[in-house]
Amino acid sequence: MNKQLMILLIGRIITNFSDSLYMIATVWFVKTMTDSAFLIGLTSAIAMLPVTIQFLYGPIIDRFSKRRILYIACIGQGILVSIISLLYVTDMLWLPILFILLFVALSLSEATYPTESALIENLASRDQLTKVNSIFAFSYQSLDIICDAISGILIALVGLGIVYISNSIMLICTGLMFFFYLKIPKSNKVKKKNLQPYLS
């Protein structure tokens, strides 16, 4: 894989881990605070809602810079998790606010998956495309199970506060990595559009 695909893959692994981390942390928090099966189920339902609106992302991804979508989504998640962290450490984390922040953060996260899939086509050569898609599919699906297990262990060892804070830092750093280092070559379609005035 080339350098840009490696940057994209590293970002995918970090965001996968971060998603698992703050999702498991939120379920853990709700269970600890309420021990309510209904509220725990509601937390899981809210986490699934962004998946149902993923079809709305297609026109946005087609219209705007994919690189910009990635770094805004990651930094946006980082800021939202920072707010959760601040509210948690100041003992002001109210469940309705937590649910809203969780939904928005996971909605931003869901936007990154189709964006990355679209970018793979721009960054991978035709003969590498199947292999690269397989690697990203593995990081998206199989690593989720590993990340969920590691997240539970980390929360038990270091506590929710440190987990939320470190999570926000990871997400913001990933967004900055995309901003500074991810370079997307112009597609042939864009090149032709730019050359059109000179050819007419």
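Cβ atoms are placed via backbone N, Cα and C, with glycine included.
Positions annotated as transmembrane segment by TrEMBL: 7-30 (among others).
Counting only same-chain residues 6+ beyond the ends of the transmembrane segment (36-57), those with a CB under 8 A from a CB of the stretch are 23, 26-27, 30, 95, 99, 102-103, 106-107, 109-111, 113-115. What TrEMBL lists as transmembrane segment is 36-57 (among others).
Positions annotated as transmembrane segment by TrEMBL: 69-88 (among others).
What TrEMBL records for 94-113 (among others) is transmembrane segment.
Look at TrEMBL and you will find 134-156 (among others) tagged as transmembrane segment.
Under 8 Å from some Cβ of the transmembrane segment (162-182) lie the Cβ atoms of residues 4, 7-8, 10-11, 14-15, 17-18, 21-22, 25, 67, 70-79, 81-82, 84-85, 88-89, 151, 154-155, all in the same chain and six or more residues away from its ends. Residues annotated as transmembrane segment in TrEMBL: 162-182 (among others).
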Inset, instruction - May I ask which of the stretches 7-30, 69-88, 134-156 has the most CB pairs under 8 A with the transmembrane segment (94-113)? - result: 69-88
Inset, instruction - May I ask you to check whether the transmembrane segment (69-88) and the transmembrane segment (7-30) make contact, with contact taken as at least three Cβ pairs under 8 Å and only pairs 6 or more apart in sequence counted? - result: yes
